[in-house]
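Okay, structure first, notes after.
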Amino acid sequence: MSMTAQKALQRIIEHREILQDEMVQLMRQIMNGEVSGIMVAAILAGLRVKKETVGEIAGAATVMREFSRKVNVQDRTHLVDIVGTGGDGWHTFNISTCAMFVAAAAGAKVAKHGNRSVSSKSGSADVLEVLGASIELQPLEVAEAIGCIGVGFMFAPIHHPVMQVVSPVRREMGVRTIFNILGPLTNPADAPNILMGVFDPDLVCIQAHVLHKLGAERALVVCGRDGMDELSLGTTTLVGELRGGRVREYEVSPEDYGMAVSPISNLQVESPAESREMLLNVLAGKPGPALDVVALNAGAALYVAGVAQDIGHGVVLASEVLFDGRARDILDQYVAFTRRAHYV
């Protein structure tokens, strides 16, 4: 039996789950523009109140992947995405964007999926622009960058044009919906390994199980106990690790890796320009909390990508490329590549 928007809404109102295959049907209708804005808003609000299940999220993400413009990476060895949901409210500099250059310098291939700022002071696309990079690369160009340099940035509006269908509804609603947690699940390069930060500890285990349903090989889903959607320096971090088809939860702390606990205020910025300055200081090897948090997150990415034996080993590898300048070299190569591609 087909799942219509009306049936879905009735199911949600009754606090009953929409099964994964039913969610696939529903999302295809929404993405094809077959569901009115009023019904889309009602369904999104209802799912938020009911709380989205693993199957519902996986079904919706499956359809978003179907509709995306894919990036075909030939050599997928050590291919990883470093991504966050955003929305943690802490306004830190672009930690995961900085970490992608570090991870690439240490041997991973990073296919990062991101966008402009929605609630933060600086989105990944915003800081890349002020660093001089062109963010609007086409899928073939992103694949070439990953192959040549080891890093590529996929600007969400280019790879998910169908999102324009629901953008007006989301904008008018002005609240978090399932789409806020779908972005990190819909990497156009289908990276088999992922380091994902989430804004809510309740999402750690959920997103790890969703990634398993979507075919991820390895994943670390993390949320600082302070609400940070990265591995945090300020407190312990809850981790959901997907490996070998199983998910296990545990906690890590900065002290586990020889780092001092440091308040988030040391990482906060007010603009993309301030984020750029902090990012460049890190890539120049300037010691401090900003470098530590990047090394920690890059280390986790290197572990989940299969480059490092564990997070601690990853932190060592990340620190080496930060202090010897290799991470900064990757940034410079990437900026030069994107500018050449943009002006061809």
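The backbone N, Cα and C atoms fix where each Cβ goes, and this holds for glycine too.
Per Swiss-Prot, anthranilate 1 binding site is recorded for G84, N115, and the stated evidence type is sequence analysis. The feature 5-phospho-alpha-D-ribose 1-diphosphate binding site is assigned by Swiss-Prot to G84, 87-88, T92, 94-97, 112-120, S124, with sequence analysis given as support. Among the features that Swiss-Prot reports, Mg(2+) 1 binding site is placed at S96, E230. Among the features that Swiss-Prot reports, anthranilate 2 binding site is placed at R170. Per Swiss-Prot, Mg(2+) 2 binding site is recorded for D229, E230, and the stated evidence type is sequence analysis.
Fewest other C-beta atoms within 10 Å: among the binding-site residues T92, S96, N115, that description fits N115. Counting only residues at least six positions away in the same chain, the Cβ atoms of D81, V83, M154, A156, H159, G183, P184, T186, N187, P188, A189 sit under 8 Å from the Cβ of H113 (5-phospho-alpha-D-ribose 1-diphosphate binding site). The binding-site residues near S96 (5-phospho-alpha-D-ribose 1-diphosphate binding site), taking a 10 angstroms Cα-Cα threshold over the set G84, N115, R170, E230, are G84, E230. If you measure from the Cα atom of R116 (5-phospho-alpha-D-ribose 1-diphosphate binding site) to that of R170 (anthranilate 2 binding site), you get 16 Å. Calculated from their C-alpha atoms, the gap between D229 (Mg(2+) 2 binding site) and R170 (anthranilate 2 binding site) amounts to 22 Å. DSSP gives G84 (anthranilate 1 binding site) a strand state. When other Cβ atoms within 10 Å of the Cβ of G84 (anthranilate 1 binding site) are tallied across all protein chains shown, the result is 26.
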